[in-house]
Amino acid sequence: MEQFKGQLRLPKFAVPKRYDVRLKPDLVACKFGGSVDIDLDIVADTKFIVLNAAELSINAGAVSFAHGGSSKVFKPSKAETFEDDGILVLEFGEMLPIGSGVLVIEFEGILNDKMKGFYRSTYEHNGEKKNMAVTQFEPVDARRCFPCWDEPACKATFKITLDGVPSELVALSNMPIQEEKLNGHLKTVSYVETPIMSTYLVAIVVGLFDYVEDHTSDGVKVRVYCQVGKADQGKFALHFAVKTLEWCTEYLTEDDYETEHQGKKGGGRPRKTWKDTLKKDMLYLELTEDLSQNRAQYFAVPYPLPKLDMVAIPDFSFAGMENYGLVTYREMALLFDEQHSAAANKQRVTITVAHELAHQWFGNLVTKEWWTHLWLNEGFATWVSYLATDSLFPEWKIWTQFLNEVTAGLKLDGLEESHPIEVEINHAAEIDEILDAISYKKGATVIRMLQSYLGAEVFQRSIASYIKKHAYSNAKTEDLWAALEEGSGEPVNKLMNSWTRQKGYPVISVKVKDQKLEFNQTQFYSSGSQGDGQWIVPITLSCGSYDARKNFLLQAKSETLDIKEFLGCSVGKAGCGGTSNKDNALCSWIKVNVDQTGFYRVKYEDELAAALRNAIEEKQLSETDRFGILDDSFALSMARKQSFASLLTLLSAYREELEYIVLSNLIAISYNLARIAADAVPGLLDHIKQFFIGLFQYSAERLGWQPKPGESHLDAMLRGEILTALAVFGHELTLDEASRRFHAFIEDRNTPLLPPDIRKAAYVAVMQRTSVSDRSGYESLVRVYRESDLSQEKTRILGCLASCPDPNITLEVLHFILTPEVRSQDAVFGLAVSNEGRETAWKWMKVTLTSLRHFTKCFHVHGFFLSFSTFAAVIHFSIWIIRNQDNWEHISKTWGSGLLIPRFVNEIVSPFASFDKVKEVDEFFKAHPNPKITRTVKQSIERVQINAKWVQSVQSERNLADVATELAYRKY
């Protein structure tokens, strides 16, 4: 049996075809029992059957294998679970015959509180705390519910039956109920057998729910389930889900198929079993080979199940999980309250729902072959979520906000401790750490970059071919490239391997010399180091006007183009020349990476950069290009390739900016610059804050505090962000007005003075004036938290509490997030502490018994020389340490096996900016190793090093004081 330990994947002796799973959850004792009958094909000579199982008690005496070709039943001589590898090894006394058979296993398990496997979530009903049973199997936790081949490629069908369910509860699974039998106060519920799918997509939910229901025009039943009394909050997601499925059908199927196989519009799709569905879909695949391609076909098959349930779960570690036909969500990602949810909450619900529904095709219908290809699921779902949202809410200009996804990917991939999109997975414990911005956001961005290069029509046609070929099966990255290469005639495999098989991305340096345009690519690192990566880069550029766009592939390290020959114009100096591209005309600016469709950064020589700054002031550039110039300049300054002073000067060109996406990024950048300035040049911080206040007042005055009739969704979001920024930077008028409105809200929660879109601004403003000597704002906010039952409001408050500049209040907030009042998945929202609270948060997280012993030793040595006040402070600190001596142990125990512990490390460690802290953090985590956060710790330490180098660089800038002073008091 030892030979199976430590193996990356399961041996291929046996192939599962069908599971018959029976489970009996006990919601009071928080445990479950069950059995599974697995139809297998034995495909190689073996005495062993090896499958996945973890944290289950296996009834070894009840394990058997019956060969289909005879009446013989094989009993294992040994059955052993290896928890570190999550496998169950069954050894038989003789060779198992080749062919089909049935493996039977009985087991028991615990409904855990870790939000993974088969777990319990809590809720209140009529003042009584109750449990619900929920599954979360991705990435590798189906094995914690029943023994199985828990790998994406091991697809099978699943027949689910639930026993002993209290009759008043709702019991859901992937497919509709086939039969329900009552036995007193309990019931047995069996479900229609699923289509072929991977184990991580199996889902079960048992609890007390309300629901709202609707149907798509072709008869798919859609429901949103939520806690009793919250049904109205599910209506927006329900409406959007129905429209999204219909959008997919409208875009992704042909009229001939709809007519022949679905009957009249709205007549309902006849569906008895998944086999009928599969038969129809396979016929459709054949039919569409001969149909005209007059409409886009991304997926090539309609939604294949008869129902779609979406469930809001109170305790849930992901935003959403795409389980086939039973999609589960965190409450804040599914529910929307018209009175208390903000516009940003509505957008998050929209994007999350669209993402999970996109997975019904990208992930569920066509599934990654192994976790190395995770990005095929997540990158595509992220990209399609924007495609669908843009179709249904074009006024949101959601593709401009896709730039946030691009930036998040660039930030993480700018680290030397990043990883390729296609990353080798050597152990199941490594998978959680790649559910990150590389797989999701960089993945989505390179898809968009490739679509832009190939053209939308070619891309859509190729994706249809890919989906049709691999439907109900598995795929690798190279399968996608093959389909796109065949459909486009372009060398897609060669082009894209440089983007998916190596980490990082290039910075393209651009300069003009003798009317020649010179391009050079080098690998960009935020640390300022230079890597040796090289990419095939789709370069796009405009010169003086968007009427003349050019593109080419930069395949070498450098390339030189004749401007007149390539662009049909000449390049003038900054601020001169026209914007037309007629013969002999002068271009006043050159913008590379037009509309930011490429996953790379651009560094311009000084004259070209000055021309672009002038073009921003003259409002000649699109909002996406204004965003890109700003974001690239910020990244270059961090990498010490551009001065801090020149970045501030560039920011001044955005004073009259009105577009949401540009201002939102400008605000995020200003927070980072203020943090660095506080460490590097604290004497200039007030000037820099004053500059930022002046920068944002133009937009703040235009927007005001109160929403305007008929205003845009983007203005509603922008108002809150602008006012929050003014509060953070200490604008007294904003702080005063926020306080007035907040106190009105405390007196009347329905006051029109504090609509949801500006509540965060008011909460942050109140916390800026909170201290141990005036705790009223903190106590009022905690009271609002306790009285609210809306998840979005609770997380909004948690994020604002931590912004207080008083470290003593910060410590209280950190204590609070570990109490039972804060759900486990929400604790991370309280970690975004102020600059002043960084050290407090670090000490709070890392304190251990070792720290206490060291501290008391120092006290005994030096105690006789302490003044009374210092002695009192020491005693206070000692008591604090004793109270918190188990914090890291508690954090590791509570979150250490899931997705959230990296957030603790990253949020608390990354804001630091000193080499001493690098050493301290490194020593702590070496003394407290955890394999699940190895990559996160390295990335967080690298960020501290980057900040420390940046601080040193800023301190050496001789003209910074003059620039900061001039900008702070500049009259516009």
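Including glycine, each Cβ sits where the backbone N, Cα and C put it.
So that you can see what the record holds, here are the features copied from TrEMBL:
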type: DOMAIN; residues: 15-201; note: domain 'Aminopeptidase N-like N-terminal'
type: DOMAIN; residues: 291-499; note: domain 'Peptidase M1 membrane alanine aminopeptidase'
type: BINDING; residues: H355, H359, E378; note: Zn(2+) binding site
type: ACT_SITE; residues: E356; note: active site, proton acceptor
type: SITE; residues: Y440; note: site 'Transition state stabilizer'
type: DOMAIN; residues: 589-851; note: domain 'ERAP1-like C-terminal'
type: TRANSMEM; residues: 859-882; note: transmembrane segment
type: DOMAIN; residues: 885-945; note: domain 'ERAP1-like C-terminal'
For Zn(2+), what surrounds H355, H359, E378 with a Cβ no more than 8 Å from their Cβ centroid? E322, E356, A358, F362, G363, N377, F380, A381, T382, V384, S385, Y440
Under 8 angstroms, Cβ to Cβ: which one of 15-201, 589-851, 885-945 has the largest number of such pairs with the domain 'Peptidase M1 membrane alanine aminopeptidase' (291-499)? 589-851
Cα distance (Å, whole number) from H359 (Zn(2+) binding site) to Y440 (site 'Transition state stabilizer'): 12
Please list residues from the chain of E378 (Zn(2+) binding site) whose Cβ is under 8 angstroms from its Cβ, counting only those at least six apart in sequence. L435, S439, Y440, G443, A444
Please list, in sequence order, the residues in the chain of E356 (active site, proton acceptor) that are at least six apart in sequence and whose C-beta is under 8 Å away from its C-beta. M310, G320, M321, E322, V327, Y329, A381
In sequence order, which same-chain residues at least six apart have a C-beta under 8 angstroms from H359 (Zn(2+) binding site)? E322, N377, A381
Return the residues near H355 (Zn(2+) binding site), defined as same-chain residues 6+ apart in sequence whose C-beta is under 8 angstroms from its C-beta, sorted by sequence, else 'none'. A319, G320, A381, T382, V384, S385
Please work out the helix, strand and coil residue numbers for the domain 'ERAP1-like C-terminal' (885-945) from the DSSP assignment. 46 helix, 0 strand, 15 coil
Within 10 Å of the Cβ of Y440 (site 'Transition state stabilizer'), how many other Cβ atoms can you find? Include all protein chains, please. 23
